[in-house]
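Accompanying notes for the structure given below.
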Amino acid sequence: MSAGYLGAVRSEFTKVRTTRLWWVLLVIMAAYVGLCAGGMAGILGGLGGGANGPVIPDAQLPLLVYSFATSVGYVFPVLFGALAVTSEFRFQSLTPTFLANPRRGVVLGGKATTLLIVGALFGVVALIASIGLGASLLAAFGIDPLLGDPETWAFIGRSVLAMALWSAIGVGLGVLVPSQVAAIVIVLAFTQFVEPLLRLAASFTDWSAQVAQFLPGAASDSLVGASIYTAMSGASAGLDWWQGGLVLVAYAAIATLIGFLTSWRRDVS
Amino acid sequence: MPTGVPIEFSGLTKTFGQVSAVSNLTFTVEPGQVTGFLGPNGAGKTTSLRMLLGLVRPTSGTATFGGTAYAKLDSPLQTVGASLEAASFHPGRSARNHLAVYAQSAGLPKTAPDAALEKVGLSGYGDRRVGGYSLGMRQRLGLAFALLGDPGVLVLDEPINGLDPEGIKWIRLLLRAMAAEGRTVLISSHLLSEVQQTVDDVIIISHGTLVHRGELSSLDTSDTKQVQVNAEDRDRLATVLTEAGYQVSNLRSGVLVENADAATIGRLAFEAGIPLTGLSQKRTGLEESFLTLVGEEGAL
Ligand SMILES: Nc1ncnc2c1ncn2[C@@H]1O[C@H](COP(=O)(O)OP(=O)(O)O)[C@@H](O)[C@H]1O
Ligand SMILES: [Mg+2]
């Protein structure tokens, strides 16, 4: 009675649940996202309506503030997804994992599924932080937080999806680069420096801007539909939300597949 | 009661680049007894066991459980319990959760982790993070993982390493009891003395190749080369033997003759008219035969 895929998912959930990392990262993420969203709501809300106010109309302000959940929060599910894989290599726990279930593809599928769900949980917590602080501050400044607007709820759904996909991309990265230190450096360097600079540089010419839409962060912004980056650069509309989602799916799937064919199938010794 | 199936190695070979770690290993491990898989460090024991368990891909050959490769087993943890040398734990996870992770993966009952902790005497420590475990406790936890599915076959890599004398006695009894129940028990070690009182059969490898296979007693070879002999006139005896071409050395209670057999030495003394007060073929100890088989590095 091999437990197969469902057993793999249950096992991977238990792995996530039984060490401290998940809640440590959730707490840091919530604080970070809340600070950014609250700060932005305070600054823009406070300035809004004034003669020297910024170009962002009141109606766009709430989603912009809420989108900090993904625009600054996304690094946490990527990191978590990557660590979920690299820690198996680091602590040599692939040995018992593959002893309990020698079908390595099933194990990796179970891990990716689990991390998608955990990524969605990160999304929910990040949105609670950004909306919780952002909406109350906006309301305090007399701006409608648009919480009854269906568009806001569609945005929330897309944000949760984006965070889930980021976590899956983390899994792909981890299995592609099993060295824990290397994976952490890549996540931080790429999300915090490399991609923002690339997107900025790419916005100067038309064709490069076209290509840059397919960078993961840009695709994520397209999926979510609002971000401080697109608001500030006044960049072109970019991809449709579903196209952005597909681009993220492709990143996750390709990285995971290549990682499976290389590190995941290697000798465990 | 789960019964064991034989473990069958057939032409098993593994090459890492230029290094030939295991070459052409062929033997069968039978159920109902404890089999020792011996060889000095670097002999290829861990690599062989990892190939058997589907963790390392053989360059050629096969290793199966009654004809079925590990990866093809229907319920691996309930067929084979394994624990490998390297500590494979997330240090931040408790022992009970560590076991629960794999029990769920294998679809074992919820009670399996506690039952396994109980069997290895870690019941009171299940909630502790494994990072704080001593080497001996880690060994026990590794064994608990192996026992999780109550398997008919046990494959343990250096299970005695790191155990205190109490623990060694305990594991010896446990393994013997499991074998007596009809299970297949294969344990590796780089020290014969460590498993001497536990195993029935031995498989000895050196530099990746099989050098000896048989009952433990078969190691106690009698084709040894030393004879201990004594006489009233010990000096004359030594001279006669030296003249006959033997290398001799003085012991407190006689003369030790290298590369000799007792019958020949007795005849030489008789012909020289020296009455002997003692004559015996020195039996080489198990350990010594083991070292002879595996070469110098076995002493490491
Ligand atoms: N992953 C590996 N890459 C290269 N060489 C290896 C690897 N694993 C083991 N070896 C080599 O294979 C030989 C056998 O090692 P091992 O199976 O660990 O021996 P033992 O368990 O008997 O001490 C050693 O020479 C070791 O250096
Ligand atoms: Mg070894």
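From the backbone N, Cα and C atoms, a Cβ is placed for every residue, glycine too.
Feature annotations, reproduced from TrEMBL:
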- A:21-43: transmembrane segment (TRANSMEM)
- A:63-85: transmembrane segment (TRANSMEM)
- A:113-143: transmembrane segment (TRANSMEM)
- A:163-190: transmembrane segment (TRANSMEM)
- A:241-264: transmembrane segment (TRANSMEM)
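Tallying C-beta pairs under 8 angstroms between the transmembrane segment (A:63-85) and each of A:21-43, A:113-143, A:163-190 places A:163-190 first. Beyond the transmembrane segment (A:163-190), the same-chain residues lying 6 or more positions past its ends with a Cβ under 8 Å from any Cβ of the stretch are 69-70, 73-75, 77-87, 89-90, 108, 111-112, 115-120, 122-123, 126, 216, 220, 223, 245, 248-249, 251-256, 258-260, 262-264. Beyond its flanks by at least six residues, the transmembrane segment (A:113-143) meets 9, 12-13, 16, 22, 25-26, 29-31, 33-34, 36-38, 40-42, 45-46, 48, 58, 61-62, 65-70, 73, 76-77, 80-81, 84, 156, 159-168, 170-171 of its own chain at Cβ-Cβ distances under 8 Å.
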